[in-house]
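Some features that TrEMBL has for this protein:
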type	residues	note
BINDING	R25, Q26, A27, G28, R29, F44, D74, Y151, S206, H318	substrate binding site
DOMAIN	20-29	domain 'Uroporphyrinogen decarboxylase (URO-D)'
SITE	D74	site 'Transition state stabilizer'
Amino acid sequence: MIKNDLLLKALRGETVERPPVWMMRQAGRYLPDFMKLKEKYDFFTRCRTPELATEITVMPIRQVGPDAAILFSDILVIPQAMNIEVEMKPGVGPWLPNPVRTTKGVNQVNVPDVQEELQYVFDAIKMTKQELNDEVPLIGFAGSPWTILCYTVQGQGSKNFDLAKKFCFTNPEAAHILLQKITDTTIAYLKAKIAAGVDAVQLFDSWGGMLSPVDYQTFSWQYMQQIIDALKNEVPVIAYGKGCWFALKEMSESGAAALGVDWTCTARNARYLSGGKITLQGNFDPARLYSLPSEIKKMVNQMINEFGKDAYIANLGHGILPDIPVENARAFVDAVKEYRG
Ligand SMILES: Cc1c2[nH]c(c1CCC(=O)O)Cc1[nH]c(c(CCC(=O)O)c1C)Cc1[nH]c(c(CCC(=O)O)c1C)Cc1[nH]c(c(C)c1CCC(=O)O)C2
């Protein structure tokens, strides 16, 4: 049904002529047209207006040419829907004026009716699917419960999420109640995204690597696993954990269709740790897109040779940086498309 189904083939582990390619955060600030819209509408207006979310989602498809679209939205629409105020402050990033740091605070957090609170996301998916006209698949996403807890407790971005960890380690009971509420909301949310038409789902555990391997199991992975269990029979799930190479074995046994890896792990190590069969996604250093296009192309070829063309999705190891020239992003995508072994 979908004309370019390379991503879906790779997620099923089928042989492909070349790997599919997309870029995390591809619907974003390195695109001049995105910056024009940013002048007119604030961040959550862009998320909440299906026409704008659709336009931004399709922008990189037309201007850079990856093999999949990812819906323009944010992982923080989930805490918003759970009755936690979230702002996007220009120059600062996410800002939560009333962070959750007590048992009482956790008790005030809702598990909402997602149809009521997040209908705008499902409308954006339906509109985007129409606009894409089955050219490429559409990826839906959510943050991992741990990564959402990080923002909910810390109240903003952080280098080490010290307050989030302090909360988990001093009040684990409340932390687990909060994580379960986020998990339940996320499952309902992603099921509704699938019903609205997304073809695959990615979980972003952007801050999983902040935890020790033991704490990762306790505070992050068990909740990721619940989400994967709930969705894996409906669409392929990609589990991305930044800095989580130590968990690749467990992740490979989870029922996820693919695992995202960052640039600190070699392809050989990632294949070894994940058992050699499961599809892997990654792992170009986003800062390497500052290199000249000719060098980017060389490095991309090397990356594909190391991962192998099958059971592989070419991507960055984390989101694209805001000041990357569009032609460098295009060099990355083109290099994968030109790959011939
Ligand atoms: C941690 C996280 C967030 N949001 C997200 C994550 C997980 C991925 C990752 O780790 O990068 C996920 C996300 N955020 C956005 C998308 C859209 C789809 C895509 O292109 O991948 C996705 C998948 C749009 C966005 N989300 C945001 C922007 C930029 C702000 C803007 O346009 O005003 C975009 C395009 C804002 C945002 N939202 C968040 C942060 C930290 C920021 C600020 C970033 C910064 O200012 O450098 C939280």
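Using the three backbone atoms N, Cα and C, a Cβ is placed for every residue, glycine included.
Everything TrEMBL records as a feature, shown here on the structure.
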| residue | record | Cβ neighbours (10 Å) |
| --- | --- | --- |
| R25 | substrate binding site | 18 |
| A27 | substrate binding site | 23 |
| R29 | substrate binding site | 15 |
| D74 | substrate binding site | 16 |
| S206 | substrate binding site | 22 |
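If one looks beyond the domain 'Uroporphyrinogen decarboxylase (URO-D)' (20-29) by at least 6 residues along the same chain, the residues whose Cβ comes under 8 Å of a Cβ in the stretch are 6-7, 9-10, 35, 38, 56-57, 59-60, 64, 66-72, 139, 240, 260, 313-316, 318-320, 322, 329, 332-333, 336-337.
Summarised by DSSP class, the composition of the domain 'Uroporphyrinogen decarboxylase (URO-D)' (20-29) is 0 helix, 1 strand, 9 coil.
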